[in-house]
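Below is one structure; the comments refer to it alone.
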Amino acid sequence: MLEISELTAAYGDLRVLWDVSLSVRTGTSTIVLGRNGAGKTSLLNAIAGLPPAAAAGRIVFDGEDITGEAPHRRIRRGIGYVQENKQIFRQRTVEENLLIGSVTLAGWRRGTPARRAALDRAYARFPVLAERRKALAGGLSGGQQQMLAIAQALMSDPKLLILDEPSAGLAPTIVKDVFALIGELKREGLSILLVEQVVEAAITVADHIVVIDNGRVAAEGPVKQFDDASVIREIYLGRSGTPVAGA
Amino acid sequence: MTTIWSGLVIGALYSLVAIGYNTVLLASGVFNFAHGQLIMLATYASFLGSVTFHLPWPLTVLFATIAVAVVAIVEERVAIRPLLARRDIHAALITTVGASTVMSGLAEVTAGSDPKQLAIPISNDPLTILGGVIAPMDLLLIIATLAIGLGIHFWSRRSLLGIASLAVAENRDAASVRGIDTKLLGVGAFAVAGGIAGATGLLVGAHTYAIPSLGNSLALFGFVAIAIGGAGSQLGGLLGGFITGIIFALSARYIGSDYPQIVVFGVFLAVLLTRPRGIFGRAMERVV
Amino acid sequence: MSTRPLSRIFLAASAVCALFLTACGGSTELDSNKASSAGKDSPFIYYVSVSVTGPVAAFTDAEIGGFQLAVDKVNEQGGINGRKVELVVQNDGNDPTTAVTLLQKYLASGKTPDAVYAGSSSAVALSLLPVLASRKIISLSAPNSKAALDHPDKYPYGFATTVASAESGPFFAKEAQAKGFKKVAMLYADSATGQGSFAAYQEAMKEAGIPLVSATYKETSLDMTPQLQKLQAEKPDALILNGYGAPTLYVFKSRAQLGWDLPTYADTLASSFPLAKNLPPESLKNVMVQVNKPSLADSPHPDGLQAFIDTVKNGDHKAQFPTYGVSPYAVGWDNVMLARAAATQAGTSDGDKVKELLESGKFQKPSGDLLGNGKDASAIDYCYSPQTHFPCPTSETFEFVPPPTTDANGMYVVTAGS
Ligand SMILES: Nc1ncnc2c1ncn2[C@@H]1O[C@H](COP(=O)(O)OP(=O)(O)OP(=O)(O)O)[C@@H](O)[C@H]1O
Ligand SMILES: [Mg+2]
């Protein structure tokens, strides 16, 4: 599904990723772990076509090289990206946010059958959004905003869903809901690439783990290899032994 | 009432500038300072069509629409695109000022600084409406501005494309990873803004004549209009323009002709200080 | 042009004198030897500071055409005081600093002009006059701003050769009295020119005892209805309008729209804009513009004018003729002719002597040589005195006419019925 080989990426001249290789196989999930500032978001952005730009290496999606493509083309190929910090359009209503997510569907009218169907599916999956469809997105609670962000990414009917710390800043019960949802999506056949800090919860939906440190792959393997608590501790404490805030 | 009509006419001009500013601002986050110049070029295109080529008015309007849309697209390509690629929206503001200077300079060099009169399709004998006099073309200008302003406002709120452009305005990157082609939308916005300027060139020029200095006269007050109405709100810009025009006319008439700019800028400052999002900036969001 | 070695040495000596002993020219003892009244072998230098480039380039080209034709004519007739006239044209780009730098460089090179045409704008004139004053060089030129330039105490050697536009004020006041206007309104641009024009009318109306109400507009205004309404509420008997280009058109459009057809007079600036070409006759009802009488096609013209026009049309500078008509060529011509008359009548180009002559009232205008001031130059009175260095208007200078069109020679034609 997604194959990244030896990716080096930079914000202008500032390199933040070096020789990163990872893959997400169809129908499986890969989680990316790493300390604050390790380069996780940068990696996801590079995959989606936002800065940092690839300076070397290749990103192959669905058998095609998408390394230099514009973001909207990658999304049209079937990548859904839920950015960190519940990135939604706060000044638009819930329904408008969902419609924005549907621009990749055929046609430019808002009432096409495909669009209606996608809306119906979203509201069926997230009843709370249906209730608040006319409300401004910025007025939703944190959990609802995160649901909206995911629902929006699902509107384009992606094959691969990329999520950046979807649990950040949410109450524990809602975190549970989020992971339940991710598990459900995975069962429905969606491939998943997830960046998380809440390792215990993340591991429940993971098939494969990649640890990024200082912009490089520090460790990588099937989830069972990471059962050893010492490895997890290393991730959390970092090599220098300083605890990581928020962990 | 004649004073009010006069205010509405200049207000319509300011509103048209505000609409142009907002159209581009909403879709690409760039403040196109050169929009006043696009309107100026539109009056020249309409002069060419109606006087030089003797075209009937629908063809003049079509010709001006296409011509100015093309100029706007060229402006986007040359002055904006390279900077957006470098994610430098602030520099883009400066290059639009540069583009503005180039356009007015070119107009002055090629057409001279004397005003040119357009051929008008209807008799322009003044009408008396509600106790005030107004020229028929000026009345049409007001009506057309209202129609365009309201039309584009509702279009941007209701249509998928409009909502997409609002999304780009709010967060360009986030919009692009929702699958929106932000570059295309950016060029499209310039083309639409240019097209609207072109289409109204005949009505504007009927009032102002074609003159190179028109762009500069309009740019500033168009800015005041959207500051009053709220940047990014088409309805706010539309009303802001009319309000600016009426304040201008009333203060010229009753306070003294030395004061209109002072009064308008006083209101402008008061709005900036008390309601930085403009009088309608917030209210509109909730209403529609 | 080749100069004989001796006179070259003489010139070099004068240069040294000019550079190190600025008092040279001042001392009466040395008067007969001073640089500017050099021997018959050295040319009479007519120094012209104008803008050959920039927005007024085309107009300047026409003026230069006039200078050149006049210089050729004068040389053909034996030069000035027996000296051949040499035309020196300096491109000041209409920039005061450039103008001064060029003049100083020229002076430093050891040459001294016998007469100077000090720029096409008042700003340039203002920058050159002090330098000319310190070197006692006569300038005869056509600046506009009497208020800024007519200071014989400060600029004793600077003389204007055209009637100042401020004279429009008194001229209008006479018209107002004749027409019995009880109250007059003026609408003017909020700019230096507009304020200058207003000041001229204000003073004249005060003298005439007629109240003057006013309103201003910014040059970026796009509609003049409120300003006109404000003035209309004052119920004036006549309106004076200052402005050029689009603003004047907006005024007449709003005036027509308001149905306000009171007598309306364009000031000098507004009169120079082709109103009749740009506005329908309905909106110009009761509108008068102030023209220079000699520019009317119907006025009696100087005998040589037609021949001059023919020469211009076939000359090196003919390209500008269709745009500007004969007027700028005549300005160039007349200034050279005046310089000749002054130097010839004074018998020298010595600044003090020429100044004395011009101020004495004994200067005889070279009526037969002048082309820009009507037949026998009757439209101008060189009323110079120690108090004023600007000429006075005569009854033949101005006239109010309905907005005219222009004929092929750039002369005004008043079409009947308008
Ligand atoms: N727009 C940017 N321009 C330049 N450098 C950036 C930019 N965004 C991030 N960086 C830098 O890139 C490095 C990786 O940041 P990134 O946001 O990818 O880390 P992260 O692993 O997502 O951290 P967190 O856990 O805090 O989200 C950091 O050193 C950061 O300072
Ligand atoms: Mg991050």
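Here the Cβ of each residue, glycine as well, is placed from N, Cα and C on the backbone.
Listed features, source TrEMBL:
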TRANSMEM  B:12-35  transmembrane segment
TRANSMEM  B:55-74  transmembrane segment
TRANSMEM  B:89-107  transmembrane segment
TRANSMEM  B:127-152  transmembrane segment
TRANSMEM  B:184-203  transmembrane segment
TRANSMEM  B:209-228  transmembrane segment
TRANSMEM  B:235-256  transmembrane segment
TRANSMEM  B:262-280  transmembrane segment
Criterion met for the transmembrane segment (B:127-152) and the transmembrane segment (B:55-74) (at least three Cβ pairs under 8 Å): no
Maximum Cβ pairs under 8 Å to the transmembrane segment (B:89-107) - stretch from the list B:12-35, B:184-203, B:235-256: B:12-35
Dominant neighbour of the transmembrane segment (B:235-256) in B:12-35, B:55-74, B:184-203, B:209-228, by Cβ pairs under 8 Å: B:12-35
Stretch among B:12-35, B:55-74, B:184-203 sharing the most Cβ pairs under 8 Å with the transmembrane segment (B:209-228): B:12-35
